[in-house]
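K.L.:
Residues or ranges marked as coiled coil in TrEMBL: 67-151. Marked as compositional bias 'Polar residues' by TrEMBL: 43-57, 184-199. The domain 'GDP/GTP exchange factor Sec2 N-terminal' annotation in TrEMBL covers 58-149. The feature region 'Disordered' is assigned by TrEMBL to 1-57, 176-205.
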Amino acid sequence: SQANFEEDTQKQPAVGHWKTLMPSKGSKEEPETGCQDAGGVDETQSAEQLNVSRLRSSSVEIREKGSEFLKEELHKAQKELKLKDKECERLSKVREQLEQELEELTASLFEEAHKMVREANTKQAASEKQLREARGKIDMLQAEVTALKTLVITSTPSSPNRELHPQLQSPSKAVFRKGHGRNKSTSSAMISAASQNVTPEPVSHERKEVDPILFAEFQAWKESPTLDKSCSFLDRIYREDVGPCLDFTKRELSELVRVAVEQNTLTIEPVASQTLPVVKVSAEECGGPKKCALSGLPRTCKHRIMLGDSGNYYYISPSCRARITAVCNFFTYIRYIQQGLVRQDVELMYWEVMRLRREMSLAKLGFYPNEM
């Protein structure tokens, strides 16, 4: 029957296996119906297989597309990562450069600050030294002005004050004074300044004639007095008198003496019985009571000099003292002219300068007074 056929079909669902069935007597079309059912099952299975194959092809396509998408994204990510690496490398270089520039800037700032501090300290020390020197010069000038006023009041050419002018005393009465004497050269210049408009008494056996070249040079210097040795007046005196007069055997010490005389920082003092201890310098430079430091010869030294505030004392012979004193006298007198303290006629000042030049010439030749 049909029901039995359906049960047998459910029990044996394999496709392609056909079971021979006997048609019933009442119906001749039942076999055809069974064939039709088997064909429907085959079509259903084919449709399912087609669907499965479509699903598989679509999944493969999806996988391929997904793989391509992931590859593209990976490629993009790799590119971005490379760009980020390059940017990081560039930023690292920039940071290193900035750190290096910052270190260099800091070092330069510290160096500049230390340099400014050193320059400030140097300038301060120089200013303090100049202040001390200026105060010393002011004190010296005040003392010289006071001495000049005293000479003007108490001394005249006809009756000079011998107490104020030790060089006018006789050799038997000449004594050495203790203490410091700045340049020991103001006496002759002060005599000239004290005489002012009074003509000094000429020597009876001596005649004088003004040299026009020397007088013209002195007049030109007198119009604008200066201590610059580049002018023709002082240049000639340096070459002919000052240089040879201060040219001693010890050249280095001679140069120091010349500079001290020019700067008015030379001190000459007599050697007392108990002198101050000498600073530790070589005996050749300092000399001693029996050896001159400038000539290096064994001489009896009654005086010693100090250059500025060095504290070093140098013993000098009477001849060397006469040469130094002659140069100091000249410089002291031209300083007085420069400061306006000498109010004489130009010709009288010229002859006083010539007299001081003669003293330098005699001193450099070895002539000096007995009281030296």
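Placement of Cβ uses the backbone N, Cα and C atoms for every residue, glycine included.
In the displayed structure, how are the listed features positioned relative to their neighbours?
P.N.:
Mean pLDDT of the predicted structure over the domain 'GDP/GTP exchange factor Sec2 N-terminal' (58-149): 88.
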K.L.:
How does the domain 'GDP/GTP exchange factor Sec2 N-terminal' (58-149) divide up by DSSP, counting helix, then strand, then coil residues?
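P.N.:
DSSP composition of the domain 'GDP/GTP exchange factor Sec2 N-terminal' (58-149): 92 helix, 0 strand, 0 coil.
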